[in-house]
């Protein structure tokens with residue numbers, strides 16, 4: 001999948017410079033940008049820096065007002081404090097709505113963000129005035145919930161991001177107090193709605209995916225808890241297995257998403273596939289040591305039946321999506337390899353077998369690096385090529401500090417790496433020669 005989709009706004013600005021230099025005509029620039037679903041004229045005049053400066057300006061206005069109120073808080077009568085906070089919040093949101101309806105969307109969204117900030121400050125300060133509520137996460141929840149209608153009304157990703165991040169803070173606060181955040185999916189669904197119907201936002205996409213992952217994992221942790229309550233790091237070995245199945249499902253979803261006709265869907269698919277690839281390599285790097293395997297082999301695995309049930313459901317969904325995308329073989333191979341390794345770990349239970357799993361993981365890591373190098377050369381994708389080279393080099397460095405076997409074995413491993421890299425260089429040269437001859 002071409003990662004240039006993630007740089008399409010930069011491509012539009014570059015195309016504008018080509019037009020000015022006479023390299024291409026303006027209709028050609030429009031065709032190039034249209035290929036990646038970006039408006040040439042709009043992207044060329046787009047100023048991300050301007051929006052950032054305006055947003056930060058509104059943020060500091062809010063902080064200045066809150067600081068000023070805090071400095072004179074005790075001198076202000078109680079009723080005036082409460083009604084003043086309410087008036088500031090309503091006035092700011094009213095101005096935001098007026099600007100938004102007038103077509104000044106940037107100013108409207110900035111004022112909505114500022115109004116939401118005042119809303120949160122009002123909740124905290126009014127609760128302090130009247131000593132309301134002893135459960136601190138409740139205030140954050142109502143703050144996040146108050147931001148949600150404006151995100152849905154405007155379908156703006158920044159407002160949805162604000163609500164989702166506040167909901168995530170509430171999520172972790174609830175868990176740290178030993179309570180289950182049952183309404184967290186409400187914020188996820190709202191963000192998905194904004195992603196579907198609003199402007200493209202890679203940041204919101206990543207936050208939504210992370211939120212779904214945490215919600216699934218902690219829902220299972222609540223199901224598998226040993227006591228009446230569960231806490232922030234009360235996770236089990238089964239959670240790791242479910243996380244791997246979730247990423248395989250996510251990979252299959254990206255393959256299905258890239259076939260959608262919408263340009264935003266293709267961009268989202270590129271982002272998801274890249275992060276799935278990075279997760280795979282990082283996981284393999286961590287598991288290239290014996291210690292993680294030893295801990296997994298020593299784990300209790302007290303919830304095998306429910307774990308396998310969840311994994312089967314996730315795998316079925318992944319295979320269905322992969323079949324729709326025409327990539328059933330790759331997903332089936334990933335799921336098959338994962339199931340075999342997981343079954344071997346749960347059946348073995350012997351920490352002495354960790355060395356065997358470590359060796360297999362290192363070979364899988366090397367194989368992944370070689371595959372990325374070949375894929376990068378064949379497809380002309382530099383990201384894959386350099387990621388594959390980096391995988392092999394990092395593996396070599398890790399094995400230098402943690403040799404598998406004796407020094408002779410280490411020397412053999414390094415020799416293998418040298419052969420792989422030199423072979424990749426030879427393959428690249430041959431591939432370029434074929435392209436030149438064609």
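For all residues, glycine too, the Cβ spot is worked out from N, Cα and C.
As given in TrEMBL:
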type	residues	note
DOMAIN	17-159	domain 'DUF2157'
TRANSMEM	48-70	transmembrane segment
TRANSMEM	82-100	transmembrane segment
TRANSMEM	106-127	transmembrane segment
TRANSMEM	167-195	transmembrane segment
TRANSMEM	202-220	transmembrane segment
TRANSMEM	240-257	transmembrane segment
TRANSMEM	269-291	transmembrane segment
TRANSMEM	303-322	transmembrane segment
TRANSMEM	329-349	transmembrane segment
TRANSMEM	355-374	transmembrane segment
TRANSMEM	381-401	transmembrane segment
TRANSMEM	407-428	transmembrane segment
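Sequence-distant contacts of the transmembrane segment (381-401), counting only residues of its own chain at least 6 positions beyond either end whose CB sits under 8 Å from a CB of the stretch, comprise 2-3, 274, 277, 281, 285, 288-289, 362, 365-366, 368-375, 410, 413-414, 417, 420-421, 424. Packing against the transmembrane segment (82-100) from elsewhere in the chain are residues 65, 69, 76, 107-112, 114-115, 118-119, 121-122, 125-126, 129, 150, 154: each is 6 or more residues past its ends and has a CB under 8 Å from a CB in it. By the Cβ criterion (under 8 Å, sequence separation of 6 or more), the transmembrane segment (269-291) is in contact with the transmembrane segment (202-220), since 3+ such pairs are found.
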